[in-house]
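**Q** After the structure tokens below, expect a handful of questions from me.
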Amino acid sequence: MSFFISLEGIEGSGKTTQIKRLADRLESLGHAVLITREPGGCPIADQIRQILLHPDNGHLDPKAELLLYAAARAQHVAEVIRPALDQGKIVLCDRYCDATLAYQGYARGLDLPMVKQLNELAAGNCRPHLTLLLDMPHDRGLLRARSRNALGAGPEEGRFEQESLAFHNKVRQGYLDLARQEPQRIKVVDANGTLDEVCHRIWLTTSNALNLPGGM
């Protein structure tokens, strides 16, 4: 079954944890699943990821940041995502084009039509069939992300955690605006609650989109 699902959300919304659970559930039903992420997902894009997320690069110009994301995505799509879909796999991607719109467009203030154009250039017709937007208050998510990095889970990828609460609120509101624009594709999932509760909500939405048995 060739199907493309992206998971989006603010920092600390639990995407990385939940994407693994979703993959396990789908694989238990016999589906071939590929988990990947952005920025990154292949060697060239992973090198760009180091530039984009390292906290020492706080001075990175917003336009340079945007172009680096586009470059990483173009390689990622060509090398990983499109081949996996061609092989009939379900692709689960931790962030994709909507993240660029939310972060570089809504939060950084770059021209949204320009960002959309670059997304289209980088991704072509490789668009998610379903996007799961894990939503929670931006201050709670940021606190969770900063705590995670303080414990050493990602000390060299904390550049966005250094941004202000106002920045992260713009990211969240940007995501929600995108969901209002594309309600058929982007499904808002309440990311508050226990891991199992959020996992259940994600499965209900995913199983409905894939016409799979619901429930956990």
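Don't overthink the numbers, they just go from 1 along the chain as shown.
Every residue, even glycine, has its Cβ placed from backbone N, Cα and C.
What Swiss-Prot lists as ATP binding site is GLY9, ILE10, GLU11, GLY12, SER13, GLY14, LYS15, THR16.
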**Q** Non-local Cβ contacts of LYS15 (ATP binding site) (under 8 Å, 6 or more apart, same chain)?
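**A** Non-local contacts for LYS15 (ATP binding site): LEU7, GLU8, GLY9, ASP94, ARG95, LEU134.
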**Q** For each of the binding-site residues (SER13, THR16), count the other CB atoms lying within 10 A of its CB, then report the residue with the highest count.
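**A** It comes out as SER13.
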**Q** Near GLU11 (ATP binding site), how many other Cβ atoms are within 10 Å of its Cβ?
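**A** Step by step: centre on the Cβ of GLU11 (ATP binding site), count other Cβ atoms within 10 Å, giving 22.
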**Q** Tell me, how many other CB atoms lie within 10 A of the CB of GLY9 (ATP binding site), whichever protein chain they belong to?
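**A** Excluding its own Cβ, the number within 10 Å is 26.
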**Q** Name the secondary structure element type, per DSSP in three states, that contains THR16 (ATP binding site).
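**A** Once the DSSP labels are grouped into three classes, THR16 (ATP binding site) ends up as helix.
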